[in-house]
Amino acid sequence: MEIVIVPDSAAGARVAARLIARVVTAKPTAVLGLATGSSPLGTYAELAEQATSGTTDFSAASGFALDEYVGIPAEHPQSYAAVIDREVTRRLGMDPARVHVPDGRATEIPAACDAYEAAIRASGGVDIQILGIGANGHIGFNEPSSSLSSRTRIKTLTPRTRADNARFFDSLDDVPTHCLTQGLGTIMDARRIVLVAQGSAKAAAVAAAVEGPVSAMCPASVLQFHPHATVVVDEAAAADLTLTDYYRHTYDNKPDWQI
Ligand code: F6R
(Lines of atoms letter the chains of each structure in order from A and count residues from 1; the text may use other names and numbers.)
(Lines give C-alpha, C1' and ligand atoms only; values in the text may rest on other atoms or scores of the structure.)
Protein backbone atom coordinates (compact mmCIF):
# COMPACT_ATOMS: atom_id res chain seq x y z
CA MET A 1 0.00 0.00 0.00
CA GLU A 2 1.10 3.55 -0.62
CA ILE A 3 0.52 5.77 2.40
CA VAL A 4 0.43 9.51 1.74
CA ILE A 5 0.34 11.67 4.88
CA VAL A 6 -0.82 15.21 4.18
CA PRO A 7 -1.10 18.22 6.50
CA ASP A 8 -4.86 18.58 6.27
CA SER A 9 -7.99 17.41 4.50
CA ALA A 10 -7.71 20.04 1.76
CA ALA A 11 -4.29 18.71 0.81
CA GLY A 12 -5.65 15.16 0.89
CA ALA A 13 -8.47 16.14 -1.45
CA ARG A 14 -5.95 17.59 -3.90
CA VAL A 15 -3.81 14.44 -3.89
CA ALA A 16 -6.80 12.11 -4.35
CA ALA A 17 -8.32 14.31 -7.06
CA ARG A 18 -5.02 14.36 -8.92
CA LEU A 19 -4.87 10.55 -8.95
CA ILE A 20 -8.45 10.28 -10.19
CA ALA A 21 -8.07 13.02 -12.80
CA ARG A 22 -4.98 11.33 -14.15
CA VAL A 23 -6.95 8.11 -14.69
CA VAL A 24 -9.76 9.97 -16.49
CA THR A 25 -7.35 11.99 -18.63
CA ALA A 26 -5.61 8.80 -19.75
CA LYS A 27 -8.95 7.05 -20.34
CA PRO A 28 -11.93 9.39 -20.83
CA THR A 29 -14.33 6.41 -20.62
CA ALA A 30 -12.91 5.43 -17.22
CA VAL A 31 -15.19 3.73 -14.71
CA LEU A 32 -15.14 5.42 -11.31
CA GLY A 33 -16.10 3.66 -8.08
CA LEU A 34 -17.88 6.25 -5.97
CA ALA A 35 -18.06 6.50 -2.18
CA THR A 36 -20.54 8.70 -0.34
CA GLY A 37 -20.18 10.06 3.20
CA SER A 38 -18.16 13.13 4.13
CA SER A 39 -14.61 11.84 3.47
CA PRO A 40 -14.56 12.24 -0.35
CA LEU A 41 -16.51 15.52 -0.51
CA GLY A 42 -13.35 17.62 -0.78
CA THR A 43 -12.05 15.33 -3.51
CA TYR A 44 -15.33 15.68 -5.43
CA ALA A 45 -15.15 19.46 -5.00
CA GLU A 46 -11.64 19.45 -6.51
CA LEU A 47 -12.82 17.30 -9.40
CA ALA A 48 -15.83 19.58 -9.91
CA GLU A 49 -13.46 22.53 -10.26
CA GLN A 50 -11.49 20.65 -12.87
CA ALA A 51 -14.71 19.85 -14.74
CA THR A 52 -15.85 23.47 -14.60
CA SER A 53 -12.50 24.83 -15.77
CA GLY A 54 -12.34 22.25 -18.55
CA THR A 55 -9.14 20.70 -17.17
CA THR A 56 -10.73 17.25 -16.95
CA ASP A 57 -13.73 16.01 -18.92
CA PHE A 58 -15.90 13.49 -17.10
CA SER A 59 -18.70 13.39 -19.69
CA ALA A 60 -17.70 9.99 -21.06
CA ALA A 61 -16.83 8.44 -17.68
CA SER A 62 -19.09 6.00 -15.83
CA GLY A 63 -19.67 5.60 -12.11
CA PHE A 64 -20.75 2.90 -9.69
CA ALA A 65 -21.67 3.85 -6.14
CA LEU A 66 -20.47 1.60 -3.36
CA ASP A 67 -23.71 1.31 -1.49
CA GLU A 68 -27.27 2.43 -0.84
CA TYR A 69 -29.63 2.37 2.11
CA VAL A 70 -32.56 -0.02 2.05
CA GLY A 71 -35.98 1.38 2.76
CA ILE A 72 -35.70 5.06 1.97
CA PRO A 73 -37.03 6.55 -1.26
CA ALA A 74 -34.48 7.45 -3.98
CA GLU A 75 -35.61 11.08 -3.78
CA HIS A 76 -34.86 11.27 -0.03
CA PRO A 77 -32.01 13.81 0.25
CA GLN A 78 -29.87 11.27 2.15
CA SER A 79 -30.43 8.34 -0.18
CA TYR A 80 -27.09 7.64 -1.80
CA ALA A 81 -28.77 7.95 -5.21
CA ALA A 82 -29.61 11.56 -4.31
CA VAL A 83 -26.18 12.24 -2.76
CA ILE A 84 -24.28 10.85 -5.76
CA ASP A 85 -26.50 12.82 -8.14
CA ARG A 86 -25.99 16.03 -6.15
CA GLU A 87 -22.30 15.74 -5.22
CA VAL A 88 -20.86 13.86 -8.16
CA THR A 89 -22.94 13.42 -11.32
CA ARG A 90 -24.08 17.02 -11.69
CA ARG A 91 -20.95 18.72 -10.40
CA LEU A 92 -18.55 16.65 -12.50
CA GLY A 93 -20.75 16.86 -15.59
CA MET A 94 -21.15 13.08 -15.79
CA ASP A 95 -23.87 11.50 -17.88
CA PRO A 96 -26.62 10.39 -15.40
CA ALA A 97 -27.31 7.35 -17.60
CA ARG A 98 -23.77 6.15 -16.87
CA VAL A 99 -23.89 6.62 -13.10
CA HIS A 100 -25.27 3.67 -11.15
CA VAL A 101 -26.34 3.16 -7.54
CA PRO A 102 -27.53 -0.17 -6.06
CA ASP A 103 -31.34 -0.32 -5.98
CA GLY A 104 -32.21 -0.18 -2.28
CA ARG A 105 -35.93 -0.29 -3.09
CA ALA A 106 -35.82 -3.49 -5.12
CA THR A 107 -38.42 -6.08 -4.18
CA GLU A 108 -36.04 -8.87 -5.22
CA ILE A 109 -32.90 -7.86 -3.35
CA PRO A 110 -30.63 -10.79 -4.37
CA ALA A 111 -31.55 -10.27 -8.04
CA ALA A 112 -30.85 -6.54 -7.75
CA CYS A 113 -27.43 -7.27 -6.21
CA ASP A 114 -26.60 -9.79 -8.96
CA ALA A 115 -27.67 -7.23 -11.58
CA TYR A 116 -25.38 -4.64 -10.02
CA GLU A 117 -22.43 -7.02 -10.16
CA ALA A 118 -23.28 -7.82 -13.78
CA ALA A 119 -23.45 -4.12 -14.67
CA ILE A 120 -20.01 -3.50 -13.15
CA ARG A 121 -18.61 -6.44 -15.13
CA ALA A 122 -20.30 -5.26 -18.33
CA SER A 123 -18.72 -1.82 -17.92
CA GLY A 124 -15.29 -3.42 -18.12
CA GLY A 125 -14.69 -3.03 -14.38
CA VAL A 126 -13.83 -0.14 -12.10
CA ASP A 127 -10.67 1.74 -13.08
CA ILE A 128 -10.34 3.69 -9.85
CA GLN A 129 -12.33 3.16 -6.67
CA ILE A 130 -12.68 6.03 -4.19
CA LEU A 131 -13.12 4.87 -0.60
CA GLY A 132 -13.70 6.35 2.83
CA ILE A 133 -13.31 4.22 5.95
CA GLY A 134 -15.68 3.79 8.86
CA ALA A 135 -14.45 4.28 12.43
CA ASN A 136 -14.97 0.52 12.79
CA GLY A 137 -12.83 -0.25 9.74
CA HIS A 138 -15.66 -0.78 7.25
CA ILE A 139 -15.31 0.07 3.56
CA GLY A 140 -18.52 0.34 1.61
CA PHE A 141 -20.90 -0.96 4.24
CA ASN A 142 -18.90 -4.12 4.76
CA GLU A 143 -19.12 -4.15 8.51
CA PRO A 144 -16.68 -6.07 10.74
CA SER A 145 -17.05 -9.85 10.22
CA SER A 146 -17.81 -9.36 6.49
CA SER A 147 -16.41 -12.04 4.23
CA LEU A 148 -13.21 -10.82 2.62
CA SER A 149 -14.43 -12.19 -0.71
CA SER A 150 -18.03 -10.96 -0.45
CA ARG A 151 -19.98 -9.59 -3.44
CA THR A 152 -22.81 -7.04 -3.59
CA ARG A 153 -25.46 -8.01 -1.04
CA ILE A 154 -27.71 -6.75 1.73
CA LYS A 155 -26.04 -5.99 5.05
CA THR A 156 -27.26 -4.94 8.48
CA LEU A 157 -25.64 -1.72 9.68
CA THR A 158 -23.93 -1.91 13.06
CA PRO A 159 -25.20 0.36 15.85
CA ARG A 160 -21.86 2.24 15.58
CA THR A 161 -22.36 2.98 11.88
CA ARG A 162 -25.96 4.03 12.41
CA ALA A 163 -24.86 6.36 15.22
CA ASP A 164 -22.01 7.76 13.07
CA ASN A 165 -24.42 8.45 10.20
CA ALA A 166 -27.19 9.90 12.37
CA ARG A 167 -25.70 13.35 11.66
CA PHE A 168 -27.15 13.13 8.15
CA PHE A 169 -30.69 12.42 9.45
CA ASP A 170 -33.16 14.13 11.81
CA SER A 171 -32.73 11.42 14.44
CA LEU A 172 -31.05 8.07 15.05
CA ASP A 173 -34.41 6.37 14.51
CA ASP A 174 -34.49 7.72 10.97
CA VAL A 175 -31.19 6.02 10.00
CA PRO A 176 -31.96 2.90 7.99
CA THR A 177 -30.98 -0.42 9.53
CA HIS A 178 -30.01 -2.12 6.26
CA CYS A 179 -28.13 -1.34 3.08
CA LEU A 180 -26.97 -2.85 -0.16
CA THR A 181 -23.22 -2.72 -0.52
CA GLN A 182 -20.58 -3.81 -2.95
CA GLY A 183 -18.70 -6.66 -1.30
CA LEU A 184 -15.04 -6.66 -0.36
CA GLY A 185 -14.40 -8.96 -3.32
CA THR A 186 -16.18 -6.48 -5.60
CA ILE A 187 -14.10 -3.58 -4.28
CA MET A 188 -10.89 -5.59 -4.63
CA ASP A 189 -11.61 -6.09 -8.35
CA ALA A 190 -11.04 -2.36 -8.98
CA ARG A 191 -7.80 -1.76 -10.86
CA ARG A 192 -6.78 1.04 -8.56
CA ILE A 193 -8.01 2.17 -5.15
CA VAL A 194 -7.66 5.49 -3.37
CA LEU A 195 -8.86 5.65 0.24
CA VAL A 196 -9.18 9.04 1.91
CA ALA A 197 -9.48 9.56 5.66
CA GLN A 198 -9.41 12.64 7.82
CA GLY A 199 -9.63 13.31 11.53
CA SER A 200 -8.74 11.57 14.76
CA ALA A 201 -11.94 9.47 14.78
CA LYS A 202 -10.43 7.46 11.91
CA ALA A 203 -6.92 7.01 13.39
CA ALA A 204 -7.47 3.58 14.95
CA ALA A 205 -9.24 2.23 11.87
CA VAL A 206 -6.52 3.52 9.54
CA ALA A 207 -3.78 1.94 11.65
CA ALA A 208 -5.64 -1.38 11.81
CA ALA A 209 -6.25 -1.33 8.06
CA VAL A 210 -2.69 -0.45 7.07
CA GLU A 211 -0.56 -2.06 9.77
CA GLY A 212 -2.80 -4.58 11.49
CA PRO A 213 -3.39 -8.18 10.55
CA VAL A 214 -5.69 -8.84 7.60
CA SER A 215 -8.91 -9.68 9.34
CA ALA A 216 -12.64 -9.60 8.76
CA MET A 217 -12.78 -7.62 12.01
CA CYS A 218 -11.18 -4.72 10.11
CA PRO A 219 -12.65 -5.10 6.62
CA ALA A 220 -10.41 -2.35 5.15
CA SER A 221 -7.36 -4.50 5.99
CA VAL A 222 -8.21 -6.60 2.91
CA LEU A 223 -6.71 -3.71 0.92
CA GLN A 224 -3.29 -5.02 1.97
CA PHE A 225 -3.86 -7.64 -0.73
CA HIS A 226 -4.57 -5.03 -3.41
CA PRO A 227 -1.71 -4.40 -5.83
CA HIS A 228 -2.41 -0.70 -6.28
CA ALA A 229 -4.06 0.90 -3.24
CA THR A 230 -3.19 4.41 -2.07
CA VAL A 231 -4.23 5.64 1.36
CA VAL A 232 -4.34 9.44 1.72
CA VAL A 233 -4.58 10.53 5.36
CA ASP A 234 -4.24 13.80 7.18
CA GLU A 235 -2.05 14.09 10.29
CA ALA A 236 -4.93 13.35 12.67
CA ALA A 237 -5.99 10.20 10.84
CA ALA A 238 -2.33 9.10 10.64
CA ALA A 239 -1.77 9.53 14.39
CA ASP A 240 -1.87 5.80 15.28
CA LEU A 241 0.41 4.61 12.45
CA THR A 242 3.84 3.44 13.57
CA LEU A 243 5.88 3.69 10.34
CA THR A 244 5.12 7.34 9.70
CA ASP A 245 8.76 8.32 9.13
CA TYR A 246 9.02 5.69 6.44
CA TYR A 247 5.75 6.76 4.79
CA ARG A 248 6.82 10.39 4.81
CA HIS A 249 10.18 9.47 3.33
CA THR A 250 8.47 7.50 0.57
CA TYR A 251 6.11 10.37 -0.05
CA ASP A 252 8.90 12.95 -0.17
CA ASN A 253 10.54 10.90 -2.88
CA LYS A 254 7.54 11.05 -5.15
CA PRO A 255 7.70 14.57 -6.59
CA ASP A 256 4.69 13.71 -8.77
CA TRP A 257 2.58 13.88 -5.63
CA GLN A 258 3.96 17.10 -4.23
CA ILE A 259 1.16 19.40 -3.24
C1 F6R B 1 -20.03 5.42 1.93
C2 F6R B 1 -19.28 4.30 2.45
C3 F6R B 1 -18.72 4.29 3.82
C4 F6R B 1 -18.07 5.58 4.23
C5 F6R B 1 -17.60 5.51 5.67
C6 F6R B 1 -16.98 6.81 6.14
O7 F6R B 1 -20.42 5.17 0.59
O8 F6R B 1 -19.14 3.37 1.74
O9 F6R B 1 -17.77 3.26 3.91
O10 F6R B 1 -16.99 5.87 3.38
O11 F6R B 1 -18.67 5.20 6.49
O12 F6R B 1 -17.97 7.78 6.19
P13 F6R B 1 -17.61 9.32 6.37
O14 F6R B 1 -16.79 9.66 5.16
O15 F6R B 1 -18.91 10.04 6.36
O16 F6R B 1 -16.84 9.42 7.62
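Backbone N, Cα and C atoms are what each Cβ position is placed from, and that goes for glycine too.
Predicted, not measured: the structure shown is a model, and the values here were computed from it.
Record features, source TrEMBL:
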- ASP67: active site, proton acceptor (ACT_SITE)
- ASN136: active site, for ring-opening step (ACT_SITE)
- HIS138: active site, proton acceptor (ACT_SITE)
- GLU143: active site, for ring-opening step (ACT_SITE)
- 13-224: domain 'Glucosamine/galactosamine-6-phosphate isomerase' (DOMAIN)
- SER146: site 'Part of the allosteric site' (SITE)
- ARG153: site 'Part of the allosteric site' (SITE)
- LYS155: site 'Part of the allosteric site' (SITE)
- THR156: site 'Part of the allosteric site' (SITE)
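Structural mapping of features recorded in TrEMBL.
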| residue | record | DSSP (3 states) |
| --- | --- | --- |
| ASP67 | active site, proton acceptor | strand |
| ASN136 | active site, for ring-opening step | coil |
| GLU143 | active site, for ring-opening step | coil |
| ARG153 | site 'Part of the allosteric site' | strand |
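Residues within less than 8 Å, Cβ to Cβ, of THR156 (site 'Part of the allosteric site') and separated from it by at least 6 positions along the same chain comprise GLU143, THR177, HIS178. Counting every protein chain shown, the Cβ of HIS138 (active site, proton acceptor) has 26 other Cβ atoms within 10 Å. When the active-site residues ASP67, GLU143 are scored by other C-beta atoms within 10 Å, ASP67 scores highest.
Nearest Cα neighbour of ASN136 (active site, for ring-opening step) among the listed recorded positions (ASP67, SER146, ARG153, LYS155): SER146. The Cβ of LYS155 (site 'Part of the allosteric site') lies under 8 Å from the Cβ of PHE141, ASN142, GLU143, SER146, HIS178, CYS179, LEU180, THR181, each of these being in the same chain and 6 or more residues away along the sequence. For ligand 1, the recorded positions lying close by, meaning a CB under 6 A from one of its atoms, are ASP67; the full candidate list was ASP67, SER146, ARG153. ASN136 (active site, for ring-opening step) has a Cβ environment of 18 other Cβ atoms inside 10 Å.
Counting every protein chain shown, the Cβ of ARG153 (site 'Part of the allosteric site') has 22 other Cβ atoms within 10 Å. For SER146 (site 'Part of the allosteric site'), the count of additional Cβ atoms within 10 Å of its Cβ stands at 23 [all protein chains shown].
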